[in-house]
């Protein structure tokens, strides 16, 4: 499998998931239909999104790590899949929820070769490969902000930081793409307990890095050794090369 195959598969999945979600009334999306492998309730919207995605991925020689079903398949290519990132938004009609896929030649993020995020509500498509990162087919880069008095997304605003604006959209994959295309200058998820799982963030991290961003753990360590595994959790500090060290110093 190469980048072209991954893009083809991702686009097919995005189309099918979007159709599945669009056909569901909001009152149906919100119903609990079981418990996911991650230990959280599965909404009807999650179930139909994952079913649509897995129907396509089962035709490929891949190992899939996904929120609801866990680890599936035994292929040489690993796929971190979140078929519906931003479930709450999807159940309320808030237009920030995405399908997210990251493809890797091993079970580690450092061997990823393709990332894909598709906003199911707006139709905006983000992907990255060896040539760079793209939004709706156009190259994107992170912002060139140099000062902390900047726009930021932060999940743990208990302390007073000198940011001009803070936003929380409820979809890490989409938010990392907002960082990647320069809409926001930073992305931080510094919640205690490392609430993000690998399938939440892998594609967004890959896209952000290919757009020129620096993305690390709280201690500045690379995310490259994070595994495509249900137990893998992470915090994220993402900014451009100039802002990143300032953010790390600030949140110590």
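Using the three backbone atoms N, Cα and C, a Cβ is placed for every residue, glycine included.
Under the heading Mg(2+) 3 binding site, Swiss-Prot lists 38, 40, 67. Here Swiss-Prot flags 67, 82, 84 as Mg(2+) 1 binding site. Annotation comment: Swiss-Prot describes 82, 85, 200 as Mg(2+) 2 binding site. The annotation substrate binding site is assigned in Swiss-Prot to 85, 86, 87, 167, 172, 191.
Structural mapping of features recorded in Swiss-Prot.
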residue: 40; record: Mg(2+) 3 binding site; contacts (Cβ under 8 Å, 6+ apart): 67
residue: 82; record: Mg(2+) 1 binding site; contacts (Cβ under 8 Å, 6+ apart): 66, 67, 98, 99, 100, 101, 173, 199, 200, 203
residue: 84; record: Mg(2+) 1 binding site; contacts (Cβ under 8 Å, 6+ apart): 17, 21, 45, 46, 49, 50, 90, 97, 98, 99, 120
residue: 85; record: Mg(2+) 2 binding site; contacts (Cβ under 8 Å, 6+ apart): 97, 98, 99, 100, 117, 171, 172, 173, 174, 200
residue: 86; record: substrate binding site; contacts (Cβ under 8 Å, 6+ apart): 94, 96, 97, 98, 169, 170, 171, 173, 174
residue: 87; record: substrate binding site; contacts (Cβ under 8 Å, 6+ apart): 43, 45, 46, 97
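Report note: the Mg(2+) 2 site is defined by 82, 85, 200, and the residues of the same chain whose CB lies within 8 Å of the CB centroid of those residues, excluding them, are 67, 84, 86, 98, 100, 171, 172, 173, 197, 199, 201. Around the Cβ of residue 38 (Mg(2+) 3 binding site), the same chain contributes 67, 68, 197, 230, each under 8 angstroms and 6 or more positions distant in sequence.
Look at residue 67 (Mg(2+) 3 binding site): DSSP puts it in coil.
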